[in-house]
Amino acid sequence: MKKSRGLSDYLWAWTLILSTLSGRSYGQPSQDELKDNTTVFTRILDRLLDGYDNRLRPGLGERVTEVKTDIFVTSFGPVSDHDMEYTIDVFFRQSWKDERLKFKGPMTVLRLNNLMASKIWTPDTFFHNGKKSVAHNMTMPNKLLRITEDGTLLYTMRLTVRAECPMHLEDFPMDAHACPLKFGSYAYTRAEVVYEWTREPARSVVVAEDGSRLNQYDLLGQTVDSGIVQSSTGEYVVMTTHFHLKRKIGYFVIQTYLPCIMTVILSQVSFWLNRESVPARTVFGVTTVLTMTTLSISARNSLPKVAYATAMDWFIAVCYAFVFSALIEFATVNYFTKRGYAWDGKSVVPEKPKKVKDPLIKKNNTYAPTATSYTPNLARGDPGLATIAKSATIEPKEVKPETKPPEPKKTFNSVSKIDRLSRIAFPLLFGIFNLVYWATYLNREPQLKAPTPHQ
């Protein structure tokens, strides 16, 4: 029956065309000829839709409907780290074969718009990881439909999709991601509808040369894949495209890394100030600690609240530890300075001089010599004894204290051994940390994790 109907359509169309050609002259087609062509294709479309049921898929009960797809990306981006999503603008193409739409006519391809698409069966394709999808309708629905004479259809539409992009931020901001775009049939299992890529994997998804709309990422490329997803209603074919992104580090070097490095260097300037400069060293320590706190808070604002530490978090934490250690170092030096002992073993408190004993002893507000003489009484009795008494009288002598070699006085510009050690140890350790940090993360291969789709 299908063959007879197709043959009658073919003969009828050619009869009309030959009848119009019999009276035409060579040159531009007349208005009557154009009107006749319009009538021919109108009749063809009417006959195609006569008895057509768009509720039934092609090959129902006979075969599996194969839908071939490919994607042309006109715009990719932006990518939101906070919401873990990206936006993509595509021309989404689907092709399948419907024997009910075979025709014979003067043209091998019927080029139609969206009005015809609503009257025939089309795949119920949806995006598994799409948060919001928009079909453009200005000024008319951006849809294209082409029907070839053997019943093969090409259905193209322009879509803007906002899709999920699971991100693993352990290496942030030296991280890389594979953002998936997953689509498939919503109602038909793989026993009814299967999806295939139209071309080889390298050409099935193409990004326009000027299609990147990314400020913080580089689009490295894309890969395609397909798989089967098991759900409670059956097994479904899922087509997946991964867009591989690598983050640009320049913004974060300027906004976070350089300020952190400069803050650590500034905190180490206090080691070169003398230990008696308490106000200056206190200002250095407190200011740098507060600066690091502000930098750590601002660096986290642009990221989602993840439960693990990122590479930037580790860098900020180590810088914070260096700054805080510099403040503790000054507190330690100041503590020993106040106690009067420097770490070089010299006393800061000067030694008090010893008192010289006075040979006179004060008694009852009068001074008396330590050796009492009774010369006047003896002189009255015997002049000889008086002479002996005078000679026996001990005259007091001044006792001089023992002299010790003077110790070198402590100057106000003295340097503690802790400061001397810190001037070398802190910059050396911070330089080693930076060398290990940047060598580790910059040479690490991107870990692109693509979770298995599910429904």
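Yeah, the Cβs are placed from backbone N, Cα and C, and that goes for glycine too.
Per Swiss-Prot, VAL306 and ASP419 occupy opposite sides of the membrane [differing topological domain names]. Swiss-Prot lists transmembrane segment for one of the ranges 103-124, 147-168, 279-300, namely 279-300. Noted from Swiss-Prot: of ASN37, ASN364, the annotation N-linked glycosylation site belongs to ASN37.
Of all the recorded positions in the list ASN37, ARG93, ASN137, the shortest Cα-Cα distance to CYS179 (disulfide bond) is found for ARG93. Counting only the Cα atoms, the space from THR156 (4-aminobutanoate binding site) to ASN137 (N-linked glycosylation site) is about 13 angstrom.
Packing against the transmembrane segment (253-273) from elsewhere in the chain are residues 280-281, 284-285, 288, 291-292, 295, 298-299, 312, 315-316, 319, 322-323, 326-327, 329-330, 419, 422-423, 426-427, 430, 434: each is 6 or more residues past its ends and has a CB under 8 Å from a CB in it.
Same-chain neighbours of the topological domain 'Extracellular' (301-310): 81-84, 169-173, 317, counting only residues six or more beyond its ends whose CB sits under 8 Å from a CB of the stretch. Geometry remark: ASN37 (N-linked glycosylation site) versus CYS165 (disulfide bond), CA distance 51 Å. The two recorded residues, ASN137 (N-linked glycosylation site) and ARG93 (4-aminobutanoate binding site), show a Cα separation of 17 Å.
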